[in-house]
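*Asks:* Sharing the feature lines straight out of Swiss-Prot:
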type     : residues : note
ACT_SITE : His38    : active site, proton donor
ACT_SITE : His118   : active site, proton acceptor
MOTIF    : 38-41    : motif 'HXTX 1'
MOTIF    : 118-121  : motif 'HXTX 2'
Amino acid sequence: MRLFLAIDIPENIKEEIAKFQEQFKMKGIKLVEKENLHITVKFLGEVDEEKLKEILNLDLSIQPIKIKLKYIGTFPNSNYIRVIWIGAYNNNLVEIFKEIDEKLSNLGFKKEREYVPHLTIGRVKFIDNKKKLKDRIEKYKDVDFGEFEAKHIKLYKSTLTPNGPIYEVIKEW
């Protein structure tokens, strides 16, 4: 099964982001469904039942932290856009990631090189009008969705369908 760890976003902020995503409704861009908006902590990929049991036995709980959601960014860079995201800011987020990454590496998962806390709002399949997209990103680069308190890390199962992924919570720490 395909798994990832994430921090949920409060419903009111999801609503705001869903309205904001309208600015990026363009040919070639697949927007993330409102119910699927989250901050990915770590993508685990395909995991078998045995490894899942090991993950479920880990303590991945976190202390409550305030996370600011602001600014627009892109991966891998502004000249070759594949992902459009909103930044997630709190100095402890990177530390939380490192702790979780370390615990998972002990189970055989590959360590990540660098963690950029973010919330993906869209994936670019192809760009019909690169200038229009870059102008839109520039126009909204300082967007601010405020902050919220994160109290949990959730383990999600992701089932890919022709209509997009379906996420199911397996465990909450």
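Just so you know, glycine gets a Cβ as well, placed from its N, Cα and C.
Where in this structure would I find these features, and how exposed are they?
*Replies:* Taking the Cβ of His38 (active site, proton donor) as reference, residues of its chain lying under 8 Å away and at least six apart in sequence are, in sequence order, Ala6, Ile7, Asp8, Ile9, Leu119, Tyr156, Tyr167.
Counting every protein chain shown, the number of other Cβ atoms lying within 10 Å of the Cβ of His118 (active site, proton acceptor) is 21.
As a whole-number mean, the pLDDT of the motif 'HXTX 1' (38-41) in this prediction is 97.
Sequence-distant contacts of the motif 'HXTX 2' (118-121) (same chain, at least 6 residues past either end, Cβ-Cβ under 8 Å): 9, 17, 20-21, 24, 31-32, 37-40, 69, 73, 83-88.
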*Asks:* Which residue counts does DSSP yield for the motif 'HXTX 2' (118-121) in the helix, strand and coil classes, in that order?
*Replies:* 0 helix, 4 strand, 0 coil
